[in-house]
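Visitor: Quick one: structure below, then a few questions.
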Amino acid sequence: MTEFDRDDVVAAGASLDDREFEAALRPRTLNELIGQDRVREQLSLVLEAALARGASPDHVLLSGPPGLGKTTLAMIIAHQISAPLRLTSGPAIQHAGDLAAILSGITEGDVLFIDEIHRMSRPAEELLYMAMEDFRVDVVVGKGPGATAIPLEIPPFTVVGATTRAGLLPGPLRDRFGFTAQLDFYEPAELHSIVDRSARLLDLRITDDGGREIAGRSRGTPRIANRLLRRVRDYAQVRGDGTVDETSARAALELYEVDPLGLDRLDRAVLHALCSSFGGGPVGLSTLAVAVAEERETVEEVAEPFLVRLGFLARTPRGRVATPAAWEHLGLPVPATSTTGQLSLDTGDVEP
Ligand SMILES: Nc1ncnc2c1ncn2[C@@H]1O[C@H](COP(=O)(O)OP(=O)(O)OP(=O)(O)O)[C@@H](O)[C@H]1O
């Protein structure tokens, strides 16, 4: 466990308590889902068409940073077509046999949700794309010359894959998905609606200003909006009259070190390391991760996308670079030789 997993209100991981809370607030239908209008419309067409044909919908790949609603969408898909949902994740499928065991339990029309699908092992990926294409796989039993392939027929089913890194999926697997959606960060107005909806479900009094304050500090992410709401609720109940308003929201979020732009300790640590320890970069991702005592993946998948979106950090072929806006946000003087101007910005998955 790292410093940031322990108690950060906006950390990527979810505790059991968080998961129960999230489950209570999860939209159940596409109509209840707020934002992601294009994805909603496209997906609704895919599902309606499949229902009309009486067939399983195409396989669906959802990509985007954590907390934007990939699991929620998978649950909605299963709900809208009245199909059972089976949940698993890439890290749980390390051998082809793990996947074969799951596939052998599939019944017709099931939705199989694979979270973090980019973290499956290569042999399992190969087995999966055969199953997605042909609804049939050969399960190899035994080793060496005595090995035999036993065919396993699988009834039609739908895979919903979720990934924070679509670029890491091998082409043949990506090509098996008939519908791919890239989820983007939410606009403040959408987050405000999400906060209002959650407050209603939790029976909380909330003012317009209070909701706006929370939405504005939620890093474009519904999961964070709901978590911040929970912290402000605690504050309002203990130190106020229970109403979530601008004053309680500001005081609570300052207490939890969430700044007005929504940056948390990890985001600020990354920016500080970049600016103070490495003179603004360029610096390699691994070095940056070590400097903030965090996993490479967490820095890359949790902190960076939002910092890039805010225009504070650029991913360049030579490493990560702080922009002048980052120095300004930290209240540091922008160095005269700020490197960003000389580098071509590249937001792709580049390492160093
Ligand atoms: N569009 C939305 N409208 C309302 N609430 C949402 C929306 N998207 C997500 N949420 C809420 O945010 C929480 C997190 O969503 P979800 O678990 O689906 O994210 P995720 O993208 O699967 O994240 P991860 O990849 O980290 O598991 C859920 O509790 C859900 O209530």
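Here the Cβ of each residue, glycine as well, is placed from N, Cα and C on the backbone.
Copying in the features that TrEMBL gives for the protein in this structure:
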BINDING   Leu25, Arg26, Gly67, Lys70, Thr71, Thr72, Glu133, Asp134, Phe135, Arg176, Tyr186, Arg223  ATP binding site
DOMAIN    56-187  domain 'AAA+ ATPase'
BINDING   Thr71  Mg(2+) binding site
REGION    187-257  region 'Small ATPAse domain (RuvB-S)'
REGION    260-352  region 'Head domain (RuvB-H)'
BINDING   Arg296, Arg315, Arg320  DNA binding site
Visitor: Please identify which of Phe135, Tyr186 has the densest Cβ environment, defined as other Cβ atoms within 10 Å, among these binding-site residues.
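Guide: The residue with the densest Cβ neighbourhood is Tyr186.
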Visitor: Measuring Cα to Cα, tell me the gap between Phe135 (ATP binding site) and Arg296 (DNA binding site) in whole angstrom.
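Guide: Spelling it out, the Cα of Phe135 (ATP binding site) and the Cα of Arg296 (DNA binding site) are 36 Å apart.
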Visitor: Which residues of the same chain, at least 6 positions away in sequence, have a Cβ lying under 8 Å from the Cβ of Glu133 (ATP binding site)?
Guide: Arg176
Visitor: Under a threshold of 6 Å between Cβ and any atom of ligand 1, which of the binding-site residues Leu25, Gly67, Thr71, Arg315 are retained?
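Guide: From Leu25, Gly67, Thr71, Arg315, counting a Cβ under 6 Å from ligand 1 as near, the near ones are Leu25, Gly67, Thr71.
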Visitor: Around the Cβ of Arg296 (DNA binding site), how many other Cβ atoms lie within 10 Å? Please give the count over every shown protein chain.
Guide: 15
Visitor: Rounded to the nearest angstrom, how far is the Cα of Gly67 (ATP binding site) from the Cα of Arg296 (DNA binding site)?
Guide: 18
Visitor: Where among the binding-site residues Arg315, Arg320 do you find the Cβ with the fewest other Cβ atoms within 10 Å?
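Guide: Comparing Cβ neighbours within 10 Å for the binding-site residues Arg315, Arg320, Arg315 has the fewest.
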Visitor: Go ahead and report the DSSP secondary structure tallies for the region 'Small ATPAse domain (RuvB-S)' (187-257): helix first, then strand, then coil.
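Guide: In the region 'Small ATPAse domain (RuvB-S)' (187-257), the DSSP-based counts are 51 helix, 2 strand, 18 coil.
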Visitor: By DSSP assignment, list the helix, strand and coil residue numbers for the region 'Head domain (RuvB-H)' (260-352), in that order.
Guide: 45 helix, 9 strand, 39 coil
Visitor: In the structure shown, with every protein chain counted, which of the binding-site residues Leu25, Gly67, Thr71 has the densest set of Cβ atoms within 10 angstroms of its Cβ?
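Guide: Highest number of other Cβ atoms within 10 Å: Gly67.
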Visitor: What is the interatomic distance between the Cα atoms of Arg315 (DNA binding site) and Tyr186 (ATP binding site), given in whole Å?
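Guide: Cα-Cα, rounded: 22 Å.
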Visitor: Between Arg320 (DNA binding site) and Leu25 (ATP binding site), how many Å separate their Cα atoms?
Guide: 36
